[in-house]
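Enquirer: Below: one structure in structure tokens.
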């Protein structure tokens with residue numbers, strides 16, 4: 001409040017009429033206290049010849065109490081009077097475009113997209129809900145794109161989405177500065193940060209939503225978004241150093257000694273399994289049992305399990321809502337291992353060095369090199385044994401010929417089984433390099449002229465750098481993907497009549513696990529009605545012994561099923577509607593065929609296969625229906641545990657058989 005001394009001083013000073021163009025000046029002969037009181041009441045004071053001279057802050061300004069007259073900020077403010085400490089507010093829904101508004105007439109209607117029922121603040125009114133801006137004094141645009149949070153006048157990322165600021169026409173530093181001053185409604189902005197001048201990047205949904213954490217991404221300092229710990233790269237789809245991938249989920253690398261122990265355990269298990277099979281073969285040598293051997297049953301049930309997990313593993317890599325957390329991490333490792341992904345799950349080369357990263361190109365080279373290297377090794381082994389018998393073993397020619405024949409059949413059996421087991425994952429690797437397996441991403445928001453095309457299975461690879469690999473993928477399709485099942489079909493057709501004749505004389509039983517079979521020597525020797533020996537190679541018996549004679553070709557249908565149920569997911573991605581429709585249709589088709597035709601001799605294996613096909617159908621169906629976020633974790637748990645039932649059933653069946661034999 002102005003003191004009495006100040007009033008007397010004003011009264012005796014020379015009077016001057018005040019207009020908008022004339023700002024009076026008041027000179028004092030008084031002490032400092034009068035000047036200070038005037039400054040605190042909207043005056044600006046200077047000293048001329050040791051005489052204080054004060055004038056009220058003119059219209060369009062206000063006194064800041066620090067002996068300065070500040071212009072009323074742009075936004076919802078103006079001042080039409082003299083000597084005030086603050087500005088007046090424009091009516092709701094109105095703002096002044098420039099600083100220093102001197103009249104309510106300077107308040108103009110806020111632009112389109114703004115809230116006209118709210119005071120403008122230090123901007124051209126706040127944006128309406130689901131609207132955002134890139135200039136604080138221009139209008140707001142509608143913001144309904146999935147993945148964007150537009151609740152604070154600007155665009156920020158929601159969890160589960162990704163945008164990339166590394167391209168030249170986008171600048172995250174400039175946008176962060178703009179957001180910082182906008183979210184704080186600060187008066188400290190200037191012409192350089194009142195507007196974002198460049199382009200905003202396009203927002204993309206992450207394949208694994210939980211990998212795109214985007215913690216506090218609505219804040220200026222974290223506007224770029226962030227990947228969850230362990231993830232990095234485009235769409236947060238790659239694993240950081242110190243992590244390895246299991247079904248597209250990044251898990252921490254264990255200590256190297258544990259990796260070594262796991263490798264040793266797997267190796268010992270493999271050696272023990274081979275020894276068991278060899279023991280079973282020796283046990284049944286030179287006998288002609290009418291019932292299936294234990295090895296036949298195990299191999300048949302293992303084929304069912306492998307076929308199931310190879311399909312489910314590929315589907316899980318494409319589904320968005322399956323999370324491998326807590327104890328389910330181990331389940332994911334088991335499914336990935338049963339998917340014949342031994343290199344990435346057991347050996348884990350990336351845990352040794354970042355340079356050993358298994359990208360799509362490396363996987364393609366390894367997958368195509370494996371059958372070539374296998375055949376070269378088997379030929380070398382055969383030739384080595386042939387020379388050994390010729391020069392180091394004293395035996396008759398007939399003995400050497402018989403030994404080489406058995407060796408040849410055994411090696412060929414190993415080759416067929418290995419190619420059969422690795423066929424679906426190899427096809428998957430080949431298909432992943434097709435041009436159709438590439439995905440185009442637009443770079444900037446609301447623009448379709450600038451884009452980048454990346455490999456869907458490995459977003460680190462641009463498709464325009466993969467031309468030579470795509471050519472070899474087409475070649476591999478012809479000489480392996482198509483030729484291998486055709487070769488098996490031809491050989492099965494060649495031997496089908498012999499197999500059917502053999503089984504007719506086997507008096508096999510139906511509806512049980514009993515099936516006509518031969519010994520498990522390197523060849524199967526059965527006696528037909530004319531007492532002639534019918535030789536059925538073990539590698540062919542492996543493909544057909546668990547099917548009824550009229551369905552000798554069914555294993556080729558199973559190979560086709562495993563490939564067709566995953567090829568569309570690989571080429572088009574699970575988000576494609578056609579992929580969902582055809583994948584569901586394929587699941588229903590094969591489920592119906594198995595239910596109607598019942599091609600397997602064993603009722604237990606028939607039911608097991610029906611369960612596996614039903615489980616695949618349920619997986620596909622659940623993945624096709626949007627799942628509320630609150631139900632994602634329990635549904636994931638139920639699906640994963642359901643998919644593990646097959647392993648439990650097979651192991652349980654074998655344990656029951658062992659216990660029954662013991663007691």
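Here the Cβ of each residue, glycine as well, is placed from N, Cα and C on the backbone.
Copied straight from TrEMBL:
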type	residues	note
SIGNAL	1-19	signal peptide
DOMAIN	62-107	domain 'Tyrosine-protein kinase ephrin type A/B receptor-like'
TRANSMEM	258-279	transmembrane segment
TRANSMEM	364-385	transmembrane segment
TRANSMEM	411-431	transmembrane segment
TRANSMEM	471-493	transmembrane segment
TRANSMEM	607-625	transmembrane segment
TRANSMEM	631-651	transmembrane segment
Enquirer: Can you count helix, strand and coil residues in the domain 'Tyrosine-protein kinase ephrin type A/B receptor-like' (62-107) using DSSP?
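Expert: Counting residues by DSSP class gives 3 helix, 13 strand, 30 coil.
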Enquirer: To the transmembrane segment (411-431), which of 258-279, 364-385, 471-493, 607-625, 631-651 is linked by the most Cβ pairs under 8 Å?
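Expert: Ranked by Cβ pairs under 8 Å, first place goes to 364-385.
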Enquirer: What residues in the same chain, six or more past the boundaries of the transmembrane segment (471-493), come closer than 8 Å to it by Cβ-Cβ distance?
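Expert: Those are 364, 368, 371, 416, 419-420, 423, 426-427, 430-431, 433-434, 540, 543-544, 552-553, 555-556, 559-560, 563, in sequence order.
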Enquirer: Could you please provide the mean pLDDT value for the domain 'Tyrosine-protein kinase ephrin type A/B receptor-like' (62-107)?
Expert: 91
